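Taken from Swiss-Prot, the feature substrate binding site applies to Arg60, Gly276, Asp277, Thr309, supported by similarity to another entry. Summarising the annotation, Swiss-Prot assigns K(+) binding site to Asn62, Ser64, Asp95, Thr96 and lists similarity to another entry as the type of evidence. Taken from Swiss-Prot, the feature ATP binding site covers Asn62, Phe63, Ser64, His65, Arg102, Lys188. The annotation Mg(2+) binding site is assigned in Swiss-Prot to Glu253, Asp277 on the grounds of similarity to another entry. As annotated by Swiss-Prot, site 'Transition state stabilizer' applies to Lys251, with the evidence given as similarity to another entry.
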Amino acid sequence: MIYTANSSPSTNLQWLSTLNTDDIPTKNYRKSSIIGTIGPNTNSAEMISKLRQAGLNIVRMNFSHGSYEYHQSVIENARESEQQFQGRPLAIALDTKGPEIRTGVTKDDKDWDVKAGHVMLFSTNPKYKDQCDDKIMYIDYTNIVKQIDIGKIIFVDDGVLSFKVLEKIDGETLKVETLNNGKISSRKGVNLPGTDVDLPALSEKDKADLKFGVEHGVDMIFASFVRTANDVQAIRDVLGEKGKGIQVISKIENQQGVNNFDEILKETDGVMVARGDLGIEIPAPQVFIAQKQLIAKCNLAGKPVICATQMLDSMTYNPRPTRAEVSDVGNAVLDGADCVMLSGETAKGTYPIESVKMMHETCLVAEKAIAYAPLFNEMRTLTVRPTETVETIAISAVSASFEQQARAIIVLSTSGTSARLCSKYRPNCPILMVTRNAQAARFSHLYRGVYPFIYHKARASNPAEWQHDVEERLKWGMDEAVALGILNKGDVVVAIQGWTGGLGHTNTLRVLECV
């Protein structure tokens, strides 16, 4: 259904009351992007192409695992797959390991049983690094004794084991009480909920990984455990001039990140609500609130936001998801997430293609439940004025798309900014971005509703040829959309462009007919 910004329904509740389970969404246009983690089961050009056909937009590499040779093979396979879909970009994301705390290695690398109520020691003394047992366990965070308070809880192995701090024995030793039965194993992750961790933003491994990403042309960084705006700047410093076009997406995974979110949002290019570690660092029911809060703030700022972790987790080993998982994906879309992410489902799962298809179908249905006109009016009302010229044009384009009942907004873009700002105001039609900037085309998959196309024909060499070049790009973009089934001949299209080439010149809006 298409409606104008001033027509009914005037509220979200009215729109929801008109939904019909018999309505089948179109299969050729999904606004939300899908991120898939590539693992051993999916690391081939053939498999990545199959995932793309199922709906994949962004390839994720998890640098907590795998060698540089392995990750290079993922990049090569992704680029080979991209070539099979001429003009349609595929983005590549590098997910950093980030600052993390781990236990040491147990004696003989065996598991040691512990019972609730058992009292033992945690030590930062390196002599216990490979001598852990049920009496003493090494922790590789030197400042843990200084930073943690008595009475605080320490989680080990994603919360499988929990301990309460009883006493600070000395500058490197804690006495703790085991709160549940379990096993002490080697090299398990440690979480300190409610404790400010002063680890450096980037380890030496992270710095090397970022430099690898720059050299191999990744499009975005998923930066783990971002706690302050300074963490984002530290990443940009490592990326340097050569990597200045790489988007930095800050993963919010602990209370510090939530507390400092406003300053992080100003500095970062986008955000990931990483619910796994976040659900350990803060009470699990509060993750629900954090997800809605962080997504809303990103929407208001016009910055892309990803919802991640366990979205279709049961599909790792089952052909169908639980109903709760489907609702989780759908509600993330309703919350305002630009992208949804698959982890183990595609990295190691038995049903990677089915997982992407299910994500695709769920997003399609969820997007029908959004009242776009009331949402646009709310976003426009909340916009701080005066706006920059490019944002004014974006607002006008989205407004015109409602009033003209347009089937698409087509954006001629250099940097992707105008497409991102159109996405901010959530039109109910696709945003077709035509650009010569391959990197901008790829990372524009982060923005909801944006369909990026890479235009390969050379730029006009003089101002006299500029308008002819504009008309050629508009016609080419519409032809590509017709070929994909997004547009039909005769459809109304809103077009925005610059008065000349280069960055920051977007100031022109037109209403066209697809011919």
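Each Cβ is built from the backbone N, Cα and C atoms, and glycine gets one as well.
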On the three-state reduction of DSSP, what should I expect for Lys188 (ATP binding site)? coil
Closest by Cα to Arg60 (substrate binding site), out of the recorded positions Asp95, Thr96, Lys188, Lys251, Glu253, is Asp95
When the number of other CB atoms within 10 A of each residue's CB is tallied over all shown chains, which of the binding-site residues Asn62, Ser64, Thr96, Thr309 has the maximum? Thr96
Neighbours of Asp95 (K(+) binding site) among binding-site residues Phe63, Lys188, Asp277, Thr309 (C-alpha cutoff 10 angstroms), in sequence order, are Phe63
Measuring Cα to Cα, how far is Asp277 (substrate binding site) from Lys188 (ATP binding site) in Å? 13
Inter-residue C-alpha distance, Thr96 (K(+) binding site) and Lys251 (site 'Transition state stabilizer') (nearest angstrom): 10
Taking every protein chain in this structure into account, which of the recorded positions Arg102, Lys188, Lys251 has the most other Cβ atoms within 10 Å of its Cβ? Lys251
Which one is it, among the binding-site residues Phe63, His65, Arg102, Lys188, Thr309, that lies nearest to Glu253 (Mg(2+) binding site) by Cα separation? Thr309
Could you state the whole-number distance in Å separating the C-alpha atoms of Lys188 (ATP binding site) and Ser64 (K(+) binding site)? 13
Counting other Cβ atoms within 10 Å of each Cβ, which of the binding-site residues Arg60, His65 scores lowest? His65
